[in-house]
Amino acid sequence: MGEALRGLKRTIMCGEPRENNIGEKVTVMGWVQRKRNLGGLIFVDLRDRTGIMQIVFGEEINKEAFEKSDNVKSEYCIAVTGEIVKRQSPNNDMETGAVELKGEDIKILSESETPPIYIKEGLDASENVRLKYRYLDLRRPDMQKIFMIRHKTCKVVRDFLDENGFLEMETPILTKSTPEGARDYLVPSRNYKGMFYALPQSPQIFKQLLMVSGYDKYFQITKCFRDEDLRANRQPEFTQIDMELSFVEEDDVIDLNEKLLAKVFKEVAGIDVKLPIERMPYKIAMEKYGSDKPDLRFGMEINDLTEAVKNSEFKVFKGAIEAGGSVRAIKAENCATMGRKQIDKLQDFVKTYKAKGLAWIAYKEDEIKSPIAKFLTEEEMKAILEKMDAKVGDLILIVGDKNNVVFESLGALRLHLAKELDIINKDEFRFVWITEFPLLAYNEEEGRYQAEHHPFTAIMDEDIDLLDTDPGKVRAKAYDIVLNGEELGGGSIRIHDSKLQEKMFSVLGFTKEKAWERFGFLLEAFKFGPPPHGGLAYGLDRMIMFLAGTENIKDVITFPKNQNAFCPLTEAPNVVDENQLEELGIKKIEKED
C-alpha cells in the first residue's frame with residue numbers, strides 16, 4: 001500500500017532545476033524512469049511532464065532513504081525531498097543535466113507492475129496496445145509534449161480572439177437531426193419515446209442564431225461528431241475552433257484569420273507565416289493542381305494540352321475532347337529513364353481514379369519515346385513539348401477524359417509521384433486560401449443538386465441570377481485555408497435573407513414543408529432583422545498535427561478511437577442492459593442468418 005503525502009507539498013517540477021537552484025531544499029514528485037544501483041550509491045531518474053531529474057541516494061546522505069530507494073522500480077510513483085547540488089559529471093543531453101538532487105527523504109506513493117509498454121520516446125508498440133493502455137502511452141515524454149502544444153495553442157487562440165472582442169459561448173450538444181451530408185450520431189430520448197436527439201456535426205445553425213441574437217463576435221472550442229466511415233486521420237468525434245462574426249464580408253474574415261494563424265504558428269512552433277496568404281480560386285486550383293487542397297511545396301503543375309491535340313486522330317484524345325472533356329498532363333523531371341514496369345504501375349494508379357489510361361512521352365537525349373507517337377503528327381508532338389516546357393530527361397504523363405476524371409487522376413498522380421521522388425520539402429509550410437467554390441454539386445444518383453459546403457452558404461453577388469438558369473455554375477462566398485495539401489479550416493459568408501434561404505432549400509430539392517420541418521426555427525429567426533454574417537471553423541486536431549510534427553491524428557487526441565470507431569481502452573461501444581433499452585422504448589431485433 002502506498003504512503004500518504006501527509007501534508008508534503010511538491011515545490012518544484014522535475015524538469016525545472018538549474019544551476020541557479022543549487023543549495024535549495026526542494027521536494028519533487030513523479031515516476032521512476034530508471035534506477036541504477038552502484039553499490040554505495042543509487043541513482044534514480046525521476047520523470048514528470050516537464051522533464052527528468054537525477055536523484056542520488058547514499059548511506060552518507062541519509063541511510064534510511066538510501067535503503068528505501070533500493071525498493072523502487074520503473075514507474076513507481078514517488079516523492080523525494082533533498083538538496084539540489086552541482087553534478088560531478090554533467091549530462092549535456094538533459095536540460096537538468098548540470099545538477100542533481102541529494103535524496104534525504106523518500107515516500108513511495110504507489111507501486112507499479114511491469115508496464116506492457118515502455119515509457120519512452122519513439123515507442124514502437126502496436127497501435128492497439130498503445131490505445132488499450134493509453135494512460136501509459138500518455139506518460140511518454142513525446143506524447144506529453146504534444147498535449148502541452150495543444151494546451152498552448154488553445155490558450156493563444158483564446159487570448160487572440162478575446163483581444164479582438166470575441167465572446168466565448170457554448171451551443172447545445174443535444175440537438176435536432178437535420179440529415180444532409182454525413183450521418184448523425186443519434187441519442188434516444190427517454191421522455192419522448194421513439195424520438196431522438198442528434199450530436200452536432202458542427203455548431204453551424206446555433207452560431208448563426210447567435211448572430212441574430214446580437215452577439216456579433218462568437219467563438220468556442222468545441223466537440224463535433226460525425227458517424228462516417230473512418231479514413232486516415234478522421235475520428236468520429238473531433239474538436240473545432242469555431243467562430244462567427246456579424247457585419248463582415250469575406251475579406252474581413254480572411255484578414256482576421258491570417259493574423260490568428262500567424263500568431264499561433266509563431267508563438268507555438270516558432271514558424272513564420274508570410275502575410276498576406278496567397279488566394280487561389282477553386283477553378284485555378286483544380287486546373288493547375290487537380291485538387292481543392294493543393295500542396296504548393298513542389299511544382300509539377302497540370303498543363304492543358306487540349307488545344308495542342310484538338311485535331312489529333314488518337315481515339316482517346318479525340319473522344320475526350322468531343323465529349324466536352326480535355327487532355328491534360330504533368331511533367332516529371334528527370335524521369336525519362338523510368339522503366340516500363342514503373343509506368344505500368346502509374347497507369348494502374350490513375351485507373352483507380354476512373355481514368356481509362358495514361359499516355360506518356362519520354363524525352364530522351366537521343367530520341368522521343370512514346371507509345372502514342374505514331375498517332376501524333378510532328379507538329380502535335382512539338383506543340384506538346386513546347387506547352388510542357390519539356391527538356392531532355394523529362395517524362396510527360398497525359399490523361400484525356402471528362403474534366404473531373406482528368407483533374408482527380410492527375411492531381412492524385414502528382415502527389416503520388418512527388419512522394420515517390422521525394423521532392424517535397426517537409427520543413428516548408430505553404431498556406432493558401434481556396435476561394436470561389438462551386439455552390440452546388442449535382443448528384444446524378446439522386447437527380448438533384450447538393451450543397452458543396454452546406455445549405456447556408458451565401459452566393460457570389462454576380463452569380464445570383466444563375467441560381468434560376470444554371471445552378472451548377474453558381475459560385476459561393478466560401479473559403480478554405482489549406483496547408484501543405486491539407487484542409488486546416490473552412491468557412492463562408494452566410495445567407496441572411498429568409499426568402500433567399502428558402503429558395504436555396506428549393507434548389508436543393510426540399511419542398512417548402514420539408515424545409516420548414518427541418519429548419520423552420522432558422523427561417524423564423526431570419527424574419528427578425530438578421531445581420532450579414534460569416535465565419536470559419538478550424539479542425540483543431542489537424543492544426544496540432546502540423547504544430548507538433550506528427551502525421552497521425554490519434555497522437556493529438558487524448559483518448560481516440562481506432563480505425564473501426566472502437567475504443568480498446570474502455571471497449572466502447574458496448575452492449576447495454578435490457579432495462580436501459582426498455583426505459584428508452586427501444587427493442588433489439590436479432591439479425592436473421
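We number each residue from 1, going along the chain as drawn.
The backbone N, Cα and C atoms fix where each Cβ goes, glycine too.
As the structure is a computational prediction, the values presented were derived from the model and not from experiment.
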Q. Do you know which of Gln235, Gln501 Swiss-Prot groups with Arg226, Asp227, Glu228, Glu487, Gly539, Leu540, Asp541, Arg542 in the ATP site?
A. Gln235
Q | Given ranges 172-175, 204-207, 300-303, 336-339, the stretch to which Swiss-Prot attaches the annotation region 'Aspartate' | A | 204-207
Q: Could you pull out which residues elsewhere in the chain have a CB under 8 Å from any CB of the region 'Aspartate' (204-207), counting only those six or more residues past its ends?
A: 171-172, 175, 178, 218, 242-244, 454, 456, 519, 521-522, 535
Q: Report, in whole Å, the straight Cα-to-Cα distance of Arg494 (L-aspartate binding site) from Glu228 (ATP binding site).
A: 25
Q: Determine, from DSSP, whether Arg542 (ATP binding site) sits in helix, strand or coil.
A: helix
Q: Pop the Cα-Cα gap between Leu540 (ATP binding site) and Arg226 (L-aspartate binding site) into the table, whole Å please.
A: 15
Q: Count the Cβ atoms, other than its own, that fall within 10 Å of the Cβ of Leu540 (ATP binding site), considering every protein chain shown.
A: 24
